[in-house]
Amino acid sequence: EPAVRLQHGASGLEPLAWSEDHRVSVSTARSIAVLEQLSDVHSGGQDMVIHRTAVPAPGATCMLKVGPKKEVAECKEKFASSVDPTVSQTFMLDRVFNPEGKSLTPMRGFKYSSWSPLGCDANGRCLLAALTMDNRLTIHANLNRLQWVQLVDLTELYGERLLEAGYKLCKADAPCGELGDFPEFQRRHSMQTPVRMEWSGICTTQQVKHNNECRDVGSVLLAVLFENGNIAVWQFQLPFLGKESITSCNTIESGISSPSVLSWWEYEHNNRKMSGLIVGSAYGPVKIIPVNLKAVKGYFTLRQPVVLWQEMDQLPVHSIKCIPLYHPYQKCSCSLVVAARGPYVFWCLLLISKAGLNVHNSHVTGLHALPIVSMTADKQNGTVYTCSSDGKVRQLIPIFTDVALKFEHQLIKLSEVFGSVRTHGIAVSPCGAYLAVITTEGMANGLHPVNKNYQVQFVTLKTFEEAAAQLLESSVQNLFRQVDLTDLVRWKILKDKHIPQFLQEALDKKIESCGSTYFWRFKLFLLRILYQSMQKAPSEVLWRPSHEDAKILISDSPGMGSTEDDQEEGTSKQASRQSLGDTGKGVDIDDAAEDSLHQSSDTGGREPMVEKLLEIQAQIEAVEMHLTREHMKRVLGEVYLHTWITENTSIPTRGVCDFLMSDDGYDDRTARVLIGHILKKMNKQTFPEHCSLCKEILPFTDRKQAVCSNGHIWLRCFLTYQSCQSLVYRRCLLHDSIARHPTPEDPEWIKRLLQGPCTFCDSPVF
């Protein structure tokens, strides 16, 4: 729960996609609905917490650039009025030539959407590439959480490149024909009509600076498959900010007729990475095309294309997924390529040995009675999920054999969960905890429904115990990247109102043996959810406005008198309303604890619950203080490494040192040695912060805020512990902490600190 109702019908071939930062994109007839899953530590409800935004479809129709506007208009009029029906009818019915449609239905909505890897936009999150029905390919970013911004229109840029090149891929090509010839008119459109686009993984390139030094720069590739079989590979420098971040664009000829789908093949063998593009055809063949990655560190290229399936059996390739796995018998990494072809699943196992590239392939039959409409894969364990439109989902689990592999598959009947439904798309969450499904009403008593209501529904694929074990043994060690797993844990604690004993003991062992801050953050997460489960639910809905007439208190007004009782009553009403609103917004734990304590004491007989709440609150404060001290040590380490002489780094170094040493019970040898070296380097200088309003010194007595002697309060940045003396600052996704914006005067190492996630919940900062 809950099921999310869509405002418009789903559109496109694969309408559902789940990003690495836990956002689900749903392609519809008017927009892309984006559902972001949050593991909210401030909410006591057991339902999934979903933040909903949308990417609207462009208002103007996209017209591909095939020549000068006047000449194109004349050619269109000529072809439309041609006496040859093979020309006039082909022209009038082809929606690539006539996206506006006139008498035909308008081409509204989205054809396909694809998420980039994590760490590509300015906030370190995923970019969204969107392809509309009228063939406009754009890239969008969600920079302020409430609004999506279009960063670049790749269809327009690619059209300008083709126009400058005379619609030739290379200078050696023969000169192109006249636009007035219908075959040439078709060729110019097909060479820039996108079919699919897919992102590569993040790779590292070397950039030469002005002093001839080389520095590593992150980059990502976007491959765009066109109708004529060509593939444009765009290279973007990270973080991607717009047109200025485009590094290059190269076009590859795949040689595949009627291409239908595209996927990246990325293989790592003995620390050597290889990459290529897997292209499928509507006629059946599947092959890997070599991609030459210039100036990319550690990548090698295939010498020639690799044919995975060559039969022209007229089974169109609908979807392709490439899953990196480890072969337990061959003791090396391998790639599993799965493709949906009609009602069958084609699979191919790629393995590099001393003899070269080994290719094993076959088909899995008997899965569905109808063609597969959607396929998704859990890349952590290789499990593949397929669905047909009759509401049946198949789970395929690969099992390795001595030679290749086999699949065990089982049927998931959605009708047993949701009733009679039709399915239009599926997507699995990054850690495999949930399956998102687009459904509409199915047949009832042999009759189709009169109206279709499109919904996105969620199915749990893991138990709480499996999710907890995966979090404890995670190699990622980042709570934000495992939100689907933490959401299952959150639901279990809110339901049972206690942390299971096995999880508590296993986590304590991990903290004692490892001491990683990840396990401390996991412990903080569990304690916060436990605290929420103990809270008393508010008696009224927090968002609903109250219809009571608030008392207006006017003091020292002639003719208007009020007794002390009236004033006290009005003040208490305002205070109670304010406390209710603050608790709903998830403010500081201290305030919420006091509110719950007052509520509990009013009812009477609930002292054990109050003591339990205070005990959990004390544990939360202790864990937060430990995480704060660990981050302070990291900040001081950066200060020590990047200051050679006594200088003002703008970070309150002396205050952080004094704060760390102020607690007599805190005895950390590493911190004492580091502070001793820093104080020696500072040479008795303090470099205090000053209030920008009154120029008084801001003492460092609290990690959350700074208060000067005149009472001016400034919030502290949790990444650098500087006071945020401006009206604009950033907050983490779960509103745990605030951080300041980087300024042009900041050195590189401070800018790197400001790019970090929240130290309490691993969330990105906006």
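In case you wondered, yes, glycine gets a Cβ from its N, Cα and C as well.
A TrEMBL annotation is a machine prediction, not a hand-curated record.
The model shown is predicted, which means the values in this text are computed figures rather than measured ones.
The domain 'Transcription factor IIIC 90kDa subunit N-terminal' annotation in TrEMBL covers 18-462. When pLDDT values are averaged over the domain 'Transcription factor IIIC 90kDa subunit N-terminal' (18-462), the model yields 90.
TrEMBL lists 463-540 with the feature domain 'DUF5921'.
Positions annotated as region 'Disordered' by TrEMBL: 553-589.
Taken from TrEMBL, the feature compositional bias 'Polar residues' applies to 572-581.
Taken from TrEMBL, the feature domain 'Transcription factor IIIC putative zinc-finger' covers 683-733.
Secondary structure of the domain 'Transcription factor IIIC putative zinc-finger' (683-733) per DSSP, as helix, strand and coil residue counts: 0 helix, 15 strand, 36 coil. DSSP places the residues of the domain 'DUF5921' (463-540) in helix, strand and coil in these numbers: 57 helix, 0 strand, 21 coil.
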